[in-house]
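If you check TrEMBL, you get these features:
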DOMAIN    A:7-115  domain 'HPt'
MOD_RES   A:HIS58  phosphohistidine
REGION    A:247-330  region 'Disordered'
COMPBIAS  A:251-260  compositional bias 'Polar residues'
COMPBIAS  A:270-282  compositional bias 'Low complexity'
COMPBIAS  A:290-302  compositional bias 'Basic and acidic residues'
COMPBIAS  A:316-330  compositional bias 'Polar residues'
DOMAIN    A:378-595  domain 'Histidine kinase'
DOMAIN    A:597-731  domain 'CheW-like'
Amino acid sequence: MSSPTESNNFFNEFLDDYFAECEEHLAVVRRELLALESCMNQPQIEGSILNELFRSFHSIKGLSAMVGVREAEKLAHQMESYLRSLRDGQISLKPEGFDALMSGTQILERAIGAYRTKEDPPDIDEIISQLEACNPPVVAKTPTAAITPFEVKLKPEEKKRLEALVSEGKQIWHFVFTPSTELSKQGIGVNAIREQLQAIGELIYVSPRLNANQKILFDFILATQEAENHDLGSELKYLTGEPYQIPSPVSEANSGSSNLKVEPPREPEAPATAEAPGEVEAIGTVVNRTESERKESEERTETAPAPAEVLETSEAETSNNISPAKSTSPLISGSNLVRVDLPKLDELMRMVGELVITRARLEENLKNLPPSFPAARRRTLQEINLTLERQLRDLRQGVMQVRLVPIAEIFARMQFVVRDLMRLTGKQVALEISGAETEIDKFVVERMMDPLLHLVRNAVSHGIELTEERLKAGKSAMGAIALRASTAGEMVIIEIEDDGQGVDIYRVLKRAKQQGLLSDSVSETNDPDNYDSQTILDLLCSSGFSTKEEADLASGRGVGMAIVKNTVQELGGCVKFTTKKGKGSHFIIDLPLTLAITDALIVEVSGQTFAIPESSIQEVLSVEHKGIIRLEDQEIISYRGHVFPLRYLARLFNCVVTTDESEKLTIVVIGNSVNSTGLVVNRILGLREIVVRPLTDPFLQSPGIAGATELGDGRVVLILDVSTLISSKIPKIIKPQQFINSG
Amino acid sequence: MNKSADTSQPFILFELDHTTYGIPSDMVQQMEMVEQITPVPNSPSFVVGVVFSRGQVIPAIDLRVRFGFGKIAYTLRSRLIVINTNERTVGLIVDTAREFVSIPAQTIQPSPEGISSLSGKYLAGIATLGERVILILNVSELLVLPELVSERSP
C-alpha cells in the first residue's frame, strides 16, 4: 500500500488532528463552565450546559483512548461520569463539585499538553478521588457478552486488486493488530508490523478502528504466495489472523457470519463493559465507516477464541454504562463546520490586499487619462472601476468575517487564572465579564491572549488589596475586576478595570529616575500630577522597568507590561490607562477590527508622504496664517466655534518646516468632538484605500507612527498614529525638537 | 553532516570602508540594490528608514553608522543585505557585497581582547583565509535595542 514514511506522516497528521480537536472541545468546556458558574445558585441548571460539557468530555475521552493518552482518557472518563450524573438529575451541583470540574479541566489540559511535549503527565489520582467523592456510588452492571463482528469495508479498487490476486493463486489473509504500551516499548508498533507484513506479501488494506472496549486496533488485508506460508499466525505472533474471503456484492447487504470471520482480540482480563448498539465512535479516516457501524449494531456473534497470543495491558475499566450519546465522529465533523489553518486565511487576506492596491492603481491611471480620451468610454471604465471597488469591498468583508471569533475564548480562560491567583494570594476577587460574544479577528485573539492574561494577573496581584486592607479602607471585602469587550465602528475595545489600590505614581517616578529612564533635565518637579497616566503607562511598559512589586512570581519580571504595549502596537492598536490611588486602575485597549485595509488621506509633509486613517479625520481646512492665535508656546485655531491646538507634523518628525508665512495653511483636523487637534501639512495628495502593514521590528517603534503601507510604486509610506498625536501633552520622555522656519 | 572540527561554513562577504566582513549565509534571505528607503522619524540614528521586502516592512540599517564610521552616499555598488534571525528580518546597508566563501571553522579565531572599539563588540571572531583577514559579524549583537537614555542623536 504505502511506504513507511507515508504511514508515519499519516500518523503524525492523526496526532495533529487529535490536539486540534481536543483544544476545540476544551474551548467549549471553558465556555460552558463560565456559563455554569453564573447559574450555579439557581435551582435549575440549564440542561444544555451540562449536556455540552458531558459531550465534550466524552469526545475527549474517546480521542485520547484512540491515541493512547491514558491519563487524559481516565480523567475525561471521570469528568464525563460526574457530568452524566448531574445531567440525569441524580445529584446536584455543589461548590466543591464545581471546583473539581475546574481543576479537572486544567489538569486534563496539562495531561494532553504533556503528551505533546513528551513530558511526564500530571498526577491525576487526587482529582479522580475528588470527582469520585462528588459522584454517587455506581451500580455495577453485568456486562453482556455481545461482541459484534467487524466487517472490513473495501474500496472498489481494493476489491478488484484482491480478486485479481486471488485469480493469480495468492492467499488472502486478514490480520488484526492491537497496539499496547508494552509492545511499543519493545519497538513493536503498527509501522513495524506493517513492514513485517510487507516483507511477506502485498498489503491491500490497512486501517485503524475502535473495538467495543474503545481500544484502537489495526486491520490488515494481505496477499501472499500460497506456497510460502501456511501458518502465518505463529510467525507474526503479535497479530491475530486468518484467511480472508472477499465478500460478494450480494452478501454485503446482509452478511451472515459464514462469509467473514473476524477476531477481535480477547481481553485477558475483566469482562468487557456493556455497550449498547450504535455507540462505537466513527474513526474518520480512509474508508467511510457508517455502514460498518450500522452492520455492527445489526449483527451479533459469539466471540471465537483468539488463535494467537495477544499481549495487551488492559485497563481497569469502570463499569459505568455509557449511554448512547450522539457523539460526533472525531476527525470528520458531522456538522457544517470547516476547520481552516490560520495561515491559509492570512494568505487570503494578503491576496485581497494585493487586489486592493492593484485596483487603486487602476483608478489612478483612469484619472490620468488624457482629455482626448472619448468621454463615453471613460465613463464606462470608471463605472467598471466603481463596481470593482464595491465587489472587492464585499470580498474583503467576507474574508474578514471568516476570521472572526468571539472574544469569549480569551475571557473564559481568565476565570481559571483568577481562581488560581485567588488561591495563591488569598485575596477575594469577583470577575465580571461582559461583551464576551464580541467578535474579533482570530489572529488578534491569538496574539492578545498573553497580554490580557498578564493584565488580569497584574490586577489580582498588584491591584486588588488583601481583604483586611480593603475593609480598613472602607471597601467591600470582595475585589472586583471587570472585563469588557465592545465594538465601536472599525475598532474593538477591550477594557480591564479593577477597584483595587491603583498605581502608586510616586513610586513609579522614583523608580524611573533610579533606572535612568527619566533624564534629570525633564523631571523639574516631583509632582506626580505633572505626569499624565499615559506617560506613567509608557514608563511601566519600558522593557526592564520594574518596581519591587513587579518582580514576583505571579506576574513576572518587568517584561510583561512591555509585551502588552508592543503587542497592541504591533496589531495597530493602542493602550490607554487611567489610575487613581486607592480607587483602582482602568486599562482600555483599542484594536482595529480589520487588520489589513482601511481608507486613508495621503498627505505631504516637508517632501515626505504620509497616510492618515480616514476614520480619525474630522475635516480638512485651509486657513490663513493670521487666523492662528498664539497661546504661550502653543498655536491654536478657532473654527466654527471650536478651538483646537495646532501641531506641525514637520516638527514632530524632525523634518524642516517648509510652510510659508504668506501661504494658507492646510490643516487636517483629527480626533473626535471632545478632543481635536489640527495637523499642519503641506499638501493633500488624495484619498486612497491602503493595506496596513505593521511595523513589527523593535527598531521601528516610533511614537506617532502606527504602521506602513505601499501605494503601488514599491515605496513605503508611513501611517500616522492619530491617538498619539491627539494627546494634549507629548510624553516628556522625548526631547523637545528644534525646528527651522524657511521663508 | 558530521560535526567534526574541520567543517566549513558558507559565508557571504561584504565590505565596509575597505574592510571585509562575513555573515553566515544561512541567515541571508536576499541581497538587493539600495533604493527607495523611507525615513522613520525618531528612530535610532543607524536606522536609515524602512523598505519593503517580500511583503514585509523591514528596517534598513546603515552598518557604517552602526559601527561608528562616517556615512557616505550610496552608490550603484551599495547593497542591502536582508538577514533573517530569531524572528527578526532586517536589512543591512553595506558598501559592496558579492562574494560567497566557505570558511573552515579552524581558521576562525575569537576576536582579541584588545579590540574595545564600537565595531569590536559586534565581532564574533576573525578568520584568516590565506592572506585575507575577514571579520565575522556577531549578528545578534547588531540587533540589540539601544537603551532609551543612551541614545543620542549625532
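The first residue you see is number 1, and the count goes up from there.
Glycine residues also receive a Cβ, built from the backbone N, Cα and C atoms like all the rest.
All TrEMBL annotations are machine predictions without curation.
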Neighbour tally for the residue listed as 'phosphohistidine', based on other Cβ positions within 10 Å of its Cβ: 24
Within the domain 'CheW-like' (A:597-731), residues counted as helix, strand or coil by DSSP: 18 helix, 74 strand, 43 coil
Helix-strand-coil residue split for the domain 'HPt' (A:7-115), DSSP-based: 92 helix, 0 strand, 17 coil
Confidence summary for the domain 'HPt' (A:7-115), mean pLDDT rounded: 84
